[in-house]
Amino acid sequence: MKIAVLFRNDLRLHDHPALMTAAQHGEILPIYVMEEGLGTAFRYWTHKNLLGLQKSLTEMGGTLYFSTQNLVKTIATIKEHVDAIYFHRSYHPDHFSRDAVLEKSHPNVRSFEGSLLLPPWKTTKENGDPYKVFSPFYKNARQKVVPAAVKAVQEATFAHITSIATVSSNIESLNLHPHHSWTDKIDVHWMAGEEEAIQQLKVFVHEKIARYKVARDFPIQHGSSELSPYLAVGALSVRSMYHYLLQQAESVAEPFIRQLFWREFAYHILFHFPKTLHSPLNPAFAHFPWQENAEHLTAWKKGETGIPLVDAGMKELWETGYMHNRVRMNVASYLTKHLLLDYRKGMAWFWDTLIDADIANNIFGWQWASGCGADAAPYFRIFNPYLQAEKFDSNGLYQKEWLPNSYEENPIVSHDAGRKRALLAYEEVKNRD
Ligand SMILES: Cc1cc2nc3c(=O)[nH]c(=O)nc-3n(C[C@H](O)[C@H](O)[C@H](O)COP(=O)(O)OP(=O)(O)OC[C@H]3O[C@@H](n4cnc5c(N)ncnc54)[C@H](O)[C@@H]3O)c2cc1C
């Protein structure tokens, strides 16, 4: 039996149920499928990780093919050439129901869980309603049994095809690599691939996790795992990670595991409230008086707002394709509260520039920070970026690392003025609630 395995954000051989099942039942035809709408930095990161996967498959005697079309069109193109098609579910709202319809209408098309600890319908309240608050979600979901990870595929037989119009063995056909010098910067900061991802996980668990609870909030300490790029592209399986943590570091793992459940919660919200792909979860924000100000938006993107912590974060993002979580919260708060710019503008910038761009986490983070999402920061909680810097970067080393020597503090909107204006705007929404 010839089985096409369609790779998407699961660029690995370990804990890959679709690949493992195919390996047990026939010859595998591995094809990476590119969906529309990926951001520039993530496209490049995907390219780098695909090279790793390509190498691993080649070493086993296979060929990785690349499809320039989305999953539905790819299946239409290849179904004549294979007996079955396997892939992992995507919880992107534009994909999930589309793929489910396809699976129902083709008996030889089969989807598997490959990106979450538990599918979002397994973590609802007893009456089936979804959660909107993290703590009860976590309490419930944490008690569930997370299925064991599947062993890495080490041996398999492979099928090969001569190229068909939209499926080829040439990675360049995807055009993921922008061939621009900014990619050198990403290469300096990040090494791609499954092997590297597993190595980084081991280093984190054996050298850093015991201090995670304390160190994770201080950007200069690099105390968080910095594994999000590997999770986003699927070079690491979250399920393998979870079981490895419990096996190797159970007594100190809980604060970190809790963060993995924030990721689960973000997917839970996106799955049960698909409108959040484009709109605030809280309907009171439908007519929020967001300002239009192209100059402010550009200043924010370039790290030229005159607020040091915000600007340092935006420069870190531009240089590395990543930003520390504490700083993400601050730059998002400044954009949506002090500048009163629509959270979707910030979200789009993150989507284009983050190598860990993740559809659920990005939406969730932005809705949380702007106050319109699930379990969101209350509207009157407006981060003071100076106090935040004092608390989490007290010696200023993080800010010094990213700000140019010529940097001058000359805020486009000061904390006090921005705070007052935001409170008035947010007060209006509250009264509409
Ligand atoms: C405005 C905003 C936008 C964000 N956009 C993204 C995004 O596009 N992609 C992304 O992966 N994360 C996003 N986050 C969440 C968080 O900032 C990153 O997951 C985290 O900084 C990644 O670093 P780490 O791997 O060292 O995290 P660690 O602290 O080591 O956490 C381990 C893992 O848990 C998950 N996690 C941690 N914090 C969160 C959180 N707050 N929400 C959901 N999952 C979390 C991530 O998968 C992370 O890799 C965003 C947060 C904000 C405030």
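Here the Cβ of each residue, glycine as well, is placed from N, Cα and C on the backbone.
These come from TrEMBL:
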- TYR212, SER224, SER225, GLU226, LEU227, SER228, PHE256, ASP356, ALA357, ASP358: FAD binding site (BINDING)
- 1-117: domain 'Photolyase/cryptochrome alpha/beta' (DOMAIN)
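Everything TrEMBL records as a feature, shown here on the structure.
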residue	record	Cβ neighbours (10 Å)
TYR212	FAD binding site	21
SER225	FAD binding site	22
LEU227	FAD binding site	19
PHE256	FAD binding site	22
ALA357	FAD binding site	24
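Break the domain 'Photolyase/cryptochrome alpha/beta' (1-117) down by DSSP state and the numbers are 50 helix, 25 strand, 42 coil. As a whole number, the greatest separation of Cα atoms within the FAD-binding residue list TYR212, SER224, SER225, GLU226, LEU227, SER228, PHE256, ASP356, ALA357, ASP358 is 22 Å.
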